[in-house]
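Okay, structure first, notes after.
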Amino acid sequence: MSAQMKIITAIIKPFKLDEVREALTEIGVHGMTATEVKGYGRQKGHAEIYRGAEYIVAFLPKVKIDMALPEALVDRAIEAIRLAAYTGHIGDGKIFVSPLERAMRIRTGETDSDAL
Amino acid sequence: MPRVRWDRFGAALGATLVACPALAQDGGGKIDGADTAFMIAATALVLMMTLPGLALFYSGMVRKKNVLATMAQSLIATALVSLLWIGVAYSLAFSGEGAFIGDASRSLLAGIGIDTVSPFAKTIPEILFMLYQMTFAVITCALVAGSVAERMKFSAFMLFCALWLFIVYVPSAHWVWGGGFLQKMGLLDFAGGTVVHINAGIAGLVCALVLGSRVGFGRENLSPFDLSLAVVGTGLLWVGWFGFNGGSALAANSRAVFAIVATHLAACAGALVWSGLEWFQRGKPSVLGVISGAVAGLGTITPASGYVLPWHGVVIGMIAGGVCYWFCTVAKYKFRYDDTLDVFGVHGVGGIMGTLLAGVFATRAITASEGDPGVAGLLEGDPHQLYVQAIGVLVTIVWGVIGTMATLKIVSMITPLRVTYDDEREGLDIALHGEALHQ
């Protein structure tokens, strides 16, 4: 039985991506996938005004980052993301952690924690 | 040999001179190299205002699914109106003695030889004067498209351009610039406050009312696709306006430069006032506000540009920024008409104000020329010019409404004016042109 692995998914403000990546690299996270996404939570979009016409933009641009980690790193990673992505304003985002059953590196065929 | 051919044109010109005493009196112009060079450049600048200026300005403000269709309207207006202009429209506007319409003597450029000059521009070749005026007809028709953007059928728009050119634009150009009754009355319209801006604005308003609002107007997000395109378009319009207003002096002279300076200052003042009002009211000065104010200033100074002092341009631009801002952000929603890109709010309102303000600010020192004492506006103590300007505005509005209604009626008997509900939902790019912007 290999060591436990987790997937961390974080939704953050797009302009915080670089800071979050740096913070994660510092604690030893080697890779991640970033996706441009749209969504809303409590922030509930924003209003744009064009020549007096007000439009509510419900879905706001966000960045979703996914990374697979050995369980031992998870707490530090969560804290790193939280500190780096924090602005204190509404819409800073969320972090989700879920179990990861298997992993494989395509080039070498290594599996599970060796593949991370 | 070309020589023989030009002789034939010369004979045609001779016949026109005999038939037309005023022309015979004034027609002895001598083509000037500097004026010709300047007017070639001015003509190119005005064409640049439509392609690519207006095409970018407009298409940046519509939704992504209608970008190509909006550009297509500027393109097709250029192609269609240019050929019709050379065909017979130029002749009807700028030849003949009629109070209401010219004659067909210049149809297909008949009688225009290599050394022919028009009585309206005696130091440049008439063919260049014809071309310069063509670019005005082109942009006026293209401007109207902004009010019906995102919903008018392409075929209906083409028919509209072709008919409206003859029903509204050509008579108006003749009345104001081609020796018609408004010109004889002394109406001041240096570069198209009535002929271009009131006409386009009124036509835009009538079209928007007849076609009805876009699907989702007032409920859905109809926000602009890419304002950066509109900013680039505004820049091209702004620069092109130097040819539009400066070129309306029809010569490379001080008056052209004074017109350009007033024009530039009005654009700056309009941009500052509109965005300042937004800043004050909404907390943020929007980029769309800056460019809208600039275009409002440019449109409003146009009729007055060659008659006023530079600082008048600043005042006129400031008034334009404030009043057009109110029309585009308050009046439109109060009266609930969907003038998509504010052709009426910017050009119509600007043209009306500018034409009236020309009667307020007209300055003898600028308007006087050899043998002409010039015109004094209200500011110099003479209310008469303002009265003439008001008549010009009224006539242009009334004819604009009647003519545009008639044009739309005729077009609608041939083809529906509007795309179907589904086509509008899908977007005009795919529905009308089979093309789309891709990521």
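All positions are counted from 1 along the displayed chain.
Cβ atoms here come from the backbone N, Cα and C positions, even for glycine.
For B:37-435, the entry in TrEMBL reads domain 'Ammonium transporter AmtB-like'.
Taken from TrEMBL, the feature signal peptide covers B:1-24.
Summarising the annotation, TrEMBL assigns transmembrane segment to B:40-62 (among others).
The feature transmembrane segment is assigned by TrEMBL to B:74-93 (among others). Remote same-chain residues near the transmembrane segment (B:74-93) are listed as 47, 50-51, 54-55, 58, 101-110, 130, 133-134, 137-138, 141-142, 145, 154, 157-158, 161-162, 165-166, 169-171, 173-174, 177-178 (criterion: CB distance under 8 Å, separation of at least six residues from the stretch ends).
The annotation transmembrane segment is assigned in TrEMBL to B:127-149 (among others).
Among the features that TrEMBL reports, transmembrane segment is placed at B:156-178 (among others). Under 8 Å from some Cβ of the transmembrane segment (B:156-178) lie the Cβ atoms of residues 73, 76-77, 80-81, 84-85, 89, 92-95, 98-102, 120, 133, 136-137, 140-141, 144-145, 148, 187, 189, 194-195, 199, 203, 207, 392, 395-396, 399-400, 403-404, 406-408, 410-412, 414-418, all in the same chain and six or more residues away from its ends.
For the transmembrane segment (B:190-212), the residues of the chain that approach it from at least six positions outside its boundaries are 136, 139-141, 143-144, 146-148, 151-152, 160, 164, 168-169, 172-173, 176-177, 182, 244-245, 247-248, 259, 299-300, 302-307, 337-340, 343-344, 346-352, 354-355, 358, 392-393, 396-397, 400-401, 403-405, 408, 417-418, judged by C-beta separation under 8 angstroms. As annotated by TrEMBL, transmembrane segment applies to B:190-212 (among others).
The transmembrane segment annotation in TrEMBL covers B:224-244 (among others).
Taken from TrEMBL, the feature transmembrane segment covers B:256-274 (among others).
The transmembrane segment annotation in TrEMBL covers B:286-305 (among others).
The transmembrane segment annotation in TrEMBL covers B:311-331 (among others).
Through the fold, the transmembrane segment (B:343-366) approaches residues 143-144, 146-147, 188-190, 192-194, 196-202, 204-205, 208, 255, 258, 292, 295-296, 299-304, 306-309, 312, 315-316, 319-320, 323-324, 327-328, 331-332, 337, 373-380, 385-390, 392-393, 396-397 of its own chain, all at least 6 residues removed from its boundaries and within a Cβ separation under 8 Å. Per TrEMBL, the feature transmembrane segment maps to B:343-366 (among others).
Summarising the annotation, TrEMBL assigns transmembrane segment to B:386-408 (among others).
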Next item on the list: With the transmembrane segment (B:127-149) as the reference, find which of B:40-62, B:224-244, B:256-274, B:286-305, B:311-331 contributes the most Cβ pairs under 8 Å.
Entry: B:40-62
Check: Of the stretches B:40-62, B:224-244, B:256-274, B:286-305, B:386-408, which racks up the most C-beta pairs under 8 Å with the transmembrane segment (B:311-331)?
Finding: B:256-274
